Structures are given as C-alpha cells and as structure tokens.
Amino acid sequence: MRRFLLIAIPYAWLLALFLVPFVIVLKISLSDTALAIPPYTPTLDFAGGWAGLKSFFADLDLENFVWLTQDDLYWKAYLSSLTIALISTVLTLMVGYPIAYGMARAPEEWRATLMMLIILPFWTSFLIRVYSWIGILSQEGFLNQFLLWTGLISEPLIILNTKIAVYIGIVYTYLPFMILPIYAALDRLDESLIEAAEDLGCSRLSAFWLVTVPLSKNGIVAGCFLVFIPALGEFVIPSLLGGSGTLMIGKVLWEEFFSNRDWPVASAVAIVLLLILVVPIMLFQRNQQKQAEAEQ
Amino acid sequence: MRRLSWFNTVSLTLGFAFLYIPMVILIIYSFNESKLVTVWAGFSTKWYGELLQDEAFLSAAWVTLKVAVMSSTIATVLGTMAAYVMVRSGRFLGRTLFSGMIYAPLVMPEVITGLSLLLLFIGIGLDRGVFTIVLAHTTFAMCYVSVVVSSRLVTFDKSLEEAALDLGCTPAEAFRLVTLPIIAPAVISGWLLAFTLSLDDLVIASFTSGPSATTLPIKIFSAVRLGVSPEINALSTVMIGIVAIGVITASLVTKTQKVRQQRDEQEAARAQ
C-alpha cells in the first residue's frame with residue numbers, strides 16, 4: 001500500500017499537469033479558430049455521448065499545420081531559430097572551451113573558487129543577466145562610448161535589436177552550461193597521455209588537437225546540446241535584445257497567443273517546435289548513455 | 001603542480017571579465033544620481049529608496065517569494081518521492097512513461113510548458129492566480145529535484161538501509177533514520193534549485209498567472225521592455241547581492257565540511 005502511494009502520487013501529478021496539458025495542446029492544434037470563448041471549435045462535449053465524440057473527432061483536421069507551411073512567417077521563424085541556435089552554440093563553444101581548459105589546468109587550490117565563479121551567474125536571475133546587456137549594447141551604451149573614446153569608430157555601432165545582440169545574449173547566459181561539462185571531461189583527463197604524446201614527438205599544439213580535444217569530446221557534445229536545445233525555443237533573449245527584426249519561434253508562439261489570440265495556430269507552432277527538438281534530444285540522450293557506459 | 005600557459009591565463013581573464021563586467025556595470029550604475037543610466041552624475045542611493053516605496057514592486061516581490069517557497073517545498077517532496085521510485089522501486093506498470101515524464105519537462109521549451117498548462121487551467125475552469133503558478137512551478141521543478149536526488153540515491157549503499165530493516169526498523173523508520181540523513185544534502189540542493197528556478201521564471205509564470213498575481217520577473221520584464229531604468233538596476237543589485245551571499249556561504253560551508261571530514265578520516269586512520 002505504501003509503495004503504491006509512493007508511486008501513485010508523483011505519477012498522478014505528472015499525468016495531470018504534464019501529459020494531459022500536452023494532449024490538450026495536440027487537440028487544439030487540430031481544431032479550428034473561432035470567435036468564441038474558448039476561441040476554438042470543436043470543444044469536447046461529453047453530454048453528446050458516442051455521437052458527440054465521433055463528430056468531435058471528425059471535426060479535427062490538419063488545417064493549422066497546412067497554414068504553417070503556407071505563411072512564410074512561420075517557416076522563416078523556424079529556419080532563423082535553427083540558424084541562430086546553431087551559430088550561438090558554435091560561438092559558445094569557442095568562448096567556453098578555452099575557459100574550461102584554463103580551469104582544468106589551474107592549480108588545485110584555485111579550482112573551487114573558479115568553479116564557484118562559474119556557478120554564481122547561473123544562480124543569478126536570467127532576466128537580469130539579459131537586461132544588463134541592454135545598457136551595454138544600446139547606441140549610447142557603454143560599448144559605444146568606450147569604442148568612440150578609443151577612437152576605433154567614429155559613428156556609434158548599431159548592435160542592440162540585431163541578431164548580433166541575440167548571439168551575445170545567448171553566449172553570455174548559456175556559457176556555464178558549456179563550461180561545466182567540458183571542464184568535467186578535461187578534469188578527468190590523464191595528464192600522462194599528453195606527456196606521452198609530447199615525448200613521442202608531438203608539438204604542444206598537435207598534442208592538444210590529437211589528444212586533449214578527442215578525449216573531451218563527450219563534454220563538448222553534452223555542452224553543445226545543453227546550449228542548443230534551450231536556445232532554440234528561447235523567448236526572453238530575442239524579445240529583449242533582438243528587436244522586431246529578429247524572428248525566433250518562441251517569440252512567434254508568444255505573440256500568436258497573447259497578441260493574436262489564435263490558440264489553434266499557437267498550439268500547432270508548439271507541436272512543430274517539439275518535433276524539431278526530438279532529434280537533438282534523442283542524440284543528446286544517446287551521448288549521455290554512451291558516456292555513462294564508458295564510465296562503468 | 002600544473003602550470004598555466006599565457007594562453008590559459010589570457011582566456012581565464014577574458015572569460016571571467018566577460019561573465020562579470022555586465023553585472024559590475026549594473027551594480028555601479030544603480031548608485032548613479034542621474035535618471036539617464038549611461039551618464040554618471042554622482043553617487044546616490046535614491047533609487048533604492050524609490051524601490052522601497054514602490055508598492056507594485058514590493059507586492060510583486062511578496063507574490064514571487066510566496067510562490068517560490070510553496071512550489072519548491074512541494075516540488076522537493078514530490079521530486080524526492082519520484083527519485084526514490086525511479087531508483088528503488090524496480091519494475092512497475094508504466095515505468096517508461098513515468099521516467100519519460102520526469103525527463104521531458106527538463107528539455108521542454110518554456111513557451112510550450114506555459115502554453116499547455118494555461119490551456120489546461122482554462123479547460124478545467126481554474127481561476128488563474130498564485131495557486132496556478134504554484135502548480136506550474138511545482139511540476140517542472142519536481143523534475144529537476146528528482147534528477148538531483150536520484151543521482152545521489154544511485155551512489156548510496158543500499159545495504160545500510162537493509163541493515164536498518166534487519167535490525168527491526170519499519171521501512172518508514174529506515175527511510176527517516178538512515179536514508180534521509182544521507183541524501184539530505186542532495187534534497188537541500190534540490191530545494192534550492194527549485195526555489196531559484198521559481199524566482200527566476202518569467203515565461204511559465206506569464207502564461208499561468210492572472211491579473212490578480214504579478215510576479216517580480218513579470219514586473220521586471222514589462223518595465224525593461226521600455227528600456228533601462230535605474231530602479232531596475234537597484235533591484236538587480238539587491239538580487240545579485242542575495243545570490244552572491246548565498247553561493248559564497250554554501251561554498252565555504254562545503255569547504256569546511258570537506259576539511260573536517262579529511263581531518264576525521266586522518267584521525268581515524270591514526271587511531272587504528
């Protein structure tokens with residue numbers, strides 16, 4: 001009995017508040033938009049009995065999904081989300097790897113402090129960290145003031161409300177997710193392997209490329225997925241830093257729901273986004289499993 | 001001892017500068033006299049004063065705190081139960097679905113979680129407010145808690161529990177007296193994680209809150225959309241300060257614990 005309750009309580013909670021809502025999204029994505037409350041038809045009417053149920057299913061169709069392919073806004077938004085997520089993942093890797101590498105080579109007694117300094121921003125409000133860049137990147141912001149003062153530029157650069165600001169925002173906020181798995185992989189790396197490579201005639205650089213990088217592959221892969229997956233559905237960063245010109249699917253979904261009040265289309269957008277995410281998530285899981293097996 | 005090459009030193013310096021300069025600027029300019037945030041006009045704490053008098057911010061902060069305490073506490077209980085089930089209960093009907101439902105919210109985009117919960121609340125006619133935000137936050141936070149706790153449970157020596165049972169404990173006593181004290185650090189960090197996730201969340205709270213309940217991130221977001229303001233800088237400084245104190249204290253505590261543990265082990269070794 002006790003075992004049953006132990007399983008049943010969290011199970012029931014997740015069924016009611018995760019699975020059922022998800023099924024509702026799926027159902028509404030197949031419904032039609034209507035000027036009613038709630039703004040879609042058909043609504044499931046149990047009073048109609050079997051016939052009601054049958055006509056309910058007969059009324060569902062893929063119209064909203066067809067609509068997504070016809071209006072360029074949507075596929076452009078998906079495409080631009082994918083490219084933005086991809087480019088920022090590569091940039092985060094390029095910024096994060098040297099930091100993780102430096103941490104792994106730092107003296108033992110510094111490590112705990114360096115680790116704390118990486119984790120600290122992670123606990124700080126995401127919204128505040130994104131917000132802090134508005135004052136830096138705007139036309140009269142600190143970056144432009146600084147560059148004008150050094151004389152490198154004569155006109156202020158326009159960075160805020162462009163894609164570049166979105167890249168900076170994603171790299172900045174997701175950097176700890178990239179650094180931590182890479183650091184974990186580099187920390188486990190056996191130093192003598194690099195010494196062996198150097199003894200066998202490798203230069204330091206080629207020992208790095210031929211030994212260190214391949215051995216930290218699992219950390220790199222894990223870090224990339226941890227950045228790519230959330231970046232794809234990101235809403236806060238494009239809406240605060242990207243301006244109206246940056247299309248990202250999280251923002252489109254938000255606007256479809258809150259501004260246009262088109263629930264069926266918003267639901268269809270959500271379903272397609274999930275279908276796109278399934279591939280990277282499966283790959284990520286496989287990588288994690290392989291890593292767990294390798295450790296045993 | 002390993003030595004840092006010039007490349008390591010440069011990348012660490014630049015990396016930490018990149019991570020910290022934006023926050024440092026934010027903190028410095030929260031003490032700026034001028035309303036114009038990018039022009040320094042002298043030291044002043046007036047924005048903190050204004051913050052303390054802003055009813056809307058204070059009530060939003062209170063709502064956020066209430067939601068975070070409630071949701072992280074329920075999430076810790078449910079998440080620990082879920083972790084225990086996943087690690088200890090062996091096979092049961094629908095186990096694959098259960099583990100899927102625990103891992104899926106971790107990778108689900110927030111906009112989708114928010115949208116789906118809102119559609120549920122409207123579907124069953126639940127009035128949106130503090131209660132619905134707590135339900136929403138509990139659901140995704142319990143998954144994080146269960147991942148943290150189960151990673152501790154996996155490495156936990158099961159025979160300790162079995163010994164307690166052999167010595168006459170009931171399963172509940174064995175859990176309370178043996179298992180819980182050992183997994184307590186993981187449970188506490190799970191709670192802290194759930195608490196911060198809830199404090200921080202904008203997207204899910206925006207979907208699931210009604211006009212009666214505005215959380216701090218919702219309030220900040222709507223203010224920030226209009227541009228940078230010194231009042232938000234002051235609020236951010238307060239929040240960064242609280243987190244910094246928390247993280248530094250936590251890392252000092254773990255450090256002293258580690259040192260004490262090492263000393264105890266050395267003494268035990270000497271006594272033998």
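Start at 1 and count along the chain as shown; that gives each residue its number.
Even glycines carry a Cβ here, placed using N, Cα and C.
The domain 'ABC transmembrane type-1' annotation in TrEMBL covers B:61-253. TrEMBL lists B:12-31, B:60-85, B:97-124, B:130-154, B:174-194, B:232-253 with the feature transmembrane segment.
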Dominant neighbour of the transmembrane segment (B:232-253) in B:12-31, B:60-85, B:97-124, B:130-154, B:174-194, by Cβ pairs under 8 Å: B:12-31
Criterion met for the transmembrane segment (B:174-194) and the transmembrane segment (B:12-31) (at least three Cβ pairs under 8 Å): no
Stretch among B:12-31, B:97-124, B:130-154 sharing the most Cβ pairs under 8 Å with the transmembrane segment (B:60-85): B:130-154
Positions whose Cβ lies under 8 angstroms from the transmembrane segment (B:12-31), at least six residues beyond its ends: 4, 37-38, 40, 43-45, 47-48, 230, 233-234, 236-237, 240
Sequence-remote partners of the transmembrane segment (B:130-154) [C-beta within less than 8 Å, at least six residues beyond its ends]: 63, 66-68, 70-72, 74-76, 78-80, 82-84, 86-88, 102-106, 108, 113-114, 117, 121, 183, 185-187, 189-191, 193-194, 197-198, 201, 204-205, 207-210, 212-213, 215
